[in-house]
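Participant: After the structure tokens below, expect a handful of questions from me.
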Amino acid sequence: MAASKPTGKRAPATPAADRDSRGQGDELHQLAGGAHPVLTSNQGIPVADNQNSLRQGPRGPTLLEDFLLREKITHFDHERIPERIVHARGSAAHGFFELTKSLGKVTRAKILTEVGVKTPVFTRFSTVAGGAGSVDTPRDVRGFAVKFYTKEGNWDLVGNNIPVFFIQDAIKFPDLIHAVKMEPDRAFPQAASAHDTFWDFVSLMPESMHMIMWAMSDRTIPRSLRTIEGFGIHSFRLLDDEGNSTFVKFHWRPKLGLQSTIWDEALKLQAADNDFHRRDLFEAIQRGDFPEWELAVQLFSEEQADGFPFDHLDPTKIIPESLVPLQVIGRMVLDRWPDNFFAETEQVAFCPANVPPGIDFSNDPLLQGRLFSYLDTQLIRLGGPNFNQIPINAPKCPFANHQRDGHMQMQVPKGRVAYDPSSLQEDSPRETPAGFRSHASADDGRKGRTRAESFADHYSQARMFFRSLEKPEQAHLASALVFELSKVETEKVRVRTVSHLRNIDEGLAKRVADGLALRTLPDPAPTATPAQDLPAAPEVRVIGRSKPLLQGRSIGILFDEGSDARVIANLRKAVEKAGASVKLVAPKVGGATLSDGKVQAADGQLAGTPSVVFDAVAVVLSADAGKALAKEAAAIGFVSDAWAHLKAIASDEGAQALLKAARVGNDAGTVEAEDSKAFLTAAATRQWAREPKLRLLA
Ligand code: HDE
């Protein structure tokens with residue numbers, strides 16, 4: 001809008017600028033189209049002009065009087081709240097939990113005894129180390145936090161995708177997190193454990209070695225949030241009507257099976273799509289392909305626990321399934337994306353202390369510390385004691401007590417009674433015998449900063465984990481250690497880490513030492529308890545943990561001018577029938593004209609849609625397009641990455657020039673695009689047999 005020239009004269013009583021500004025708003029809204037409700041201030045006052053602030057003359061100063069400007073800017077200035085100190089980057093969804101098997105014999109919790117009842121849940125997945133705006137695919141543990149809105153209050157099962165933890169005592173948590181987060185002087189690296197302070201800390205903390213094995217395994221580079229397992233980690237207690245206690249560990253198992261990426265693929269995913277996991281979860285839910293997990297439990301008595309060759313209160317230990325098998329008791333389905341990221345995913349407040357009657361805590365010292373931390377952090381993060389009234393945090397069952405007032409109080413309690421006991425008001429809430437009761441455990445002992453002898457074995461389960469893996473997984477783990485330690489500048493830290501590996505597996509220590517070009521192996525780190533050889537625990541593997549499955553996977557089909565319409569249509573039909581999704585990729589987003597003369601639009605443009613975002617690819621090209629794309633780096637990269645990342649590749653005659661340029665070989669994973677059946681089989685899994693041919697692993 002052109003401002004009128006300064007004249008030196010006083011502005012007229014109704015300045016022309018006022019009329020102009022109304023005109024501008026009208027124009028903008030005409031351009032935007034649609035019928036819309038009236039825009040108001042937060043006080044409900046209708047706004048006439050949302051494009052211009054109140055000025056003294058069209059080119060004059062802005063007036064403090066402009067309450068609309070001040071309200072809008074002030075709100076904006078306060079839009080950010082502190083991000084979570086850990087698990088800041090997360091994605092969440094609504095859904096339900098349905099119990100399929102009652103645990104009525106061991107607990108009175110309704111959520112675990114009422115078969116068939118669907119309880120609403122809100123589930124948030126997260127990385128640990130990175131900030132809220134960091135990428136989705138670094139090597140990192142994933143948080144797996146579920147809020148069950150039960151009839152008896154909220155139950156938060158705040159777990160991870162790894163069943164053990166780095167430390168045995170909560171007092172070490174701030175040190176661990178300070179060590180893994182970006183270094184305080186230089187403010188990097190973001191969302192990465194591959195740096196000096198992390199490895200310095202863990203190499204001085206032998207209890208972290210079992211977790212280090214899991215953290216360096218393929219589990220920390222998951223393919224999708226839909227394909228991770230979840231674990232409550234600690235032992236909890238289940239209590240029956242009489243207060244008898246049974247210990248329990250909780251496990252989530254993904255219906256689509258456990259699936260991971262290849263390290264090089266994870267790195268390239270960071271470049272291809274910062275939001276890869278968030279987008280994947282969003283798109284799956286939007287297309288009705290609802291992610292699902294089984295909830296399984298391990299139940300055991302105090303007497304059984306006394307016979308374990310480890311202490312189940314030590315969160316650096318798993319209970320092998322051979323010792324206590326899993327029982328599946330229910331399923332969780334995530335079927336609705338949040339309406340608003342901030343209101344729900346950002347403001348949700350999980351707390352392991354939220355348990356309904358019938359569930360109780362064990363003495364795991366890490367859990368005991370967590371029971372304090374979450375409420376405390378939420379007071380600062382959400383700004384006050386009434387965060388439980390935010391819709392995503394409020395129970396969906398009735399709740400009432402005598403807590404009052406405070407910042408952002410949303411309730412308007414009636415009456416004169418805000419205390420208990422009372423007799424003045426009939427509807428004032430009172431305690432019930434059916435309420436929450438703690439287990440009457442007979443703990444006793446001397447006060448002291450002690451650690452149990454039974455927590456002293458730091459290496460046996462680390463060894464069990466490594467030796468239970470399949471060969472390719474062992475190789476990936478060794479390479480991950482070499483990668484991470486090669487980023488560590490301080491040699492003594494590298495050496496110290498290898499000294500721990502010698503207590504875990506001599507072969508692993510040698511591979512890593514060799515990968516780091518350490519001339520001599522350091523002495524093994526001193527141990528309180530030398531490692532024992534335990535029976536293998538096959539459940540820790542990724543490879544072979546689940547059956548090959550095409551359902552839920554994503555297939556990319558590369559096409560261009562003249563591609564065979566029939567082959568593409570057949571492939572698409574077969575893949576979609578098997579429950580996978582298809583995206584068409586072409587050099588131009590507008591697509592190309594296929595062999596049947598019809599224009600086919602692309603879902604993604606080649607340069608911005610590399611094959612790392614797919615689980616398998618098909619390349620369907622005319623001979624001319626094949627030859628042309630054999631000279632295009634993005635096309636060569638599309639195919640050579642699919643090959644290097646052990647993915648199935650279907651191709652037709654015209655694609656061969658491109659496959660040759662990408663140096664694609666022949667194996668069970670390379671099939672003809674005509675043969676959709678063979679492609680369905682090949683695309684349901686990674687081609688592990690291919691790996692030794694194309695990668696020098698540590
Ligand atoms: Fe957490 N953790 N944690 N943690 N944690 C938080 O709470 C903490 C631990 C886990 O999606 C914080 O609201 C301590 C183990 C998840 O919002 C904080 C200790 C496990 C999430 C906190 C642990 C977890 C958190 C930060 C050692 C797996 C994200 C923001 C005693 C069983 C939840 C917040 C979400 C978040 C403290 C260890 C899982 C600071 C002190 C072990 C999934 O309260």
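Going from the start of the chain as shown, residues are counted 1 onward.
Quick reminder: no glycine exception, Cβ is built from N, Cα and C everywhere.
Keep in mind that this is a model prediction, so the values were computed, not measured.
OK, TrEMBL features for this one:
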REGION    1-59  region 'Disordered'
COMPBIAS  17-29  compositional bias 'Basic and acidic residues'
COMPBIAS  39-55  compositional bias 'Polar residues'
DOMAIN    40-428  domain 'Catalase core'
BINDING   Arg84, Arg124, Phe173, Arg370, Tyr374, Arg381  heme binding site
ACT_SITE  His87  active site
ACT_SITE  Asn160  active site
REGION    418-452  region 'Disordered'
COMPBIAS  440-452  compositional bias 'Basic and acidic residues'
Participant: How big is the Cα-to-Cα gap, in Å, between Arg124 (heme binding site) and His87 (active site)?
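Facilitator: Taking the Cα atoms only, Arg124 (heme binding site) lies 10 Å from His87 (active site).
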Participant: Over the residue list Arg84, Arg124, Phe173, Arg370, Tyr374, Arg381, recorded for heme, what is the maximum interresidue Cα distance in Å?
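Facilitator: Largest pairwise Cα separation, rounded: 21 Å.
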Participant: Using C-alpha atoms only, work out the spacing between Arg84 (heme binding site) and Asn160 (active site) and round it to an integer in Å.
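Facilitator: It is 16 Å, counting Cα to Cα.
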Participant: Measuring CB to CB from Asn160 (active site), give everything in the same chain under 8 Å that is also at least six residues away in sequence.
Facilitator: Val141, Arg142, Gly143, Phe144, Gly230, Phe231, Ile233
Participant: In the compositional bias 'Polar residues' (39-55), how many residues does DSSP assign to helix, to strand and to coil?
Facilitator: 0 helix, 3 strand, 14 coil
Participant: Pop the Cα-Cα gap between His87 (active site) and Phe173 (heme binding site) into the table, whole Å please.
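Facilitator: Cα to Cα, Phe173 (heme binding site) and His87 (active site) are separated by 13 Å.
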Participant: If you count Cβ atoms within 10 Å of the Cβ of Tyr374 (heme binding site), leaving out that atom itself, what do you get?
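Facilitator: Its Cβ shell of radius 10 Å holds 18 other Cβ atoms.
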Participant: Quick check for the class: what is the C-alpha distance, in angstrom and rounded, between His87 (active site) and Arg370 (heme binding site)?
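Facilitator: About 14 Å separate the Cα atoms of these two residues.
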Participant: Helix, strand, coil: count each for the residues of the region 'Disordered' (418-452), based on DSSP.
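Facilitator: Output for the region 'Disordered' (418-452) reads 0 helix, 0 strand, 35 coil.
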Participant: Please work out the number of neighbouring Cβ atoms within 10 Å of the Cβ of Phe173 (heme binding site), leaving out its own Cβ.
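Facilitator: For Phe173 (heme binding site), the count of other Cβ atoms within 10 Å is 18.
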Participant: So of Arg124, Arg370, Arg381, which of the binding-site residues has the fewest other Cβ atoms within 10 Å around its own Cβ?
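Facilitator: Relative to the other binding-site residues in Arg124, Arg370, Arg381, Arg381 has the fewest Cβ atoms within 10 Å.
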Participant: Quick check on the recorded positions Arg84, His87: which one has the highest count of other Cβ atoms within 10 Å of its Cβ?
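Facilitator: Compared across Arg84, His87, the most Cβ atoms within 10 Å surround His87.
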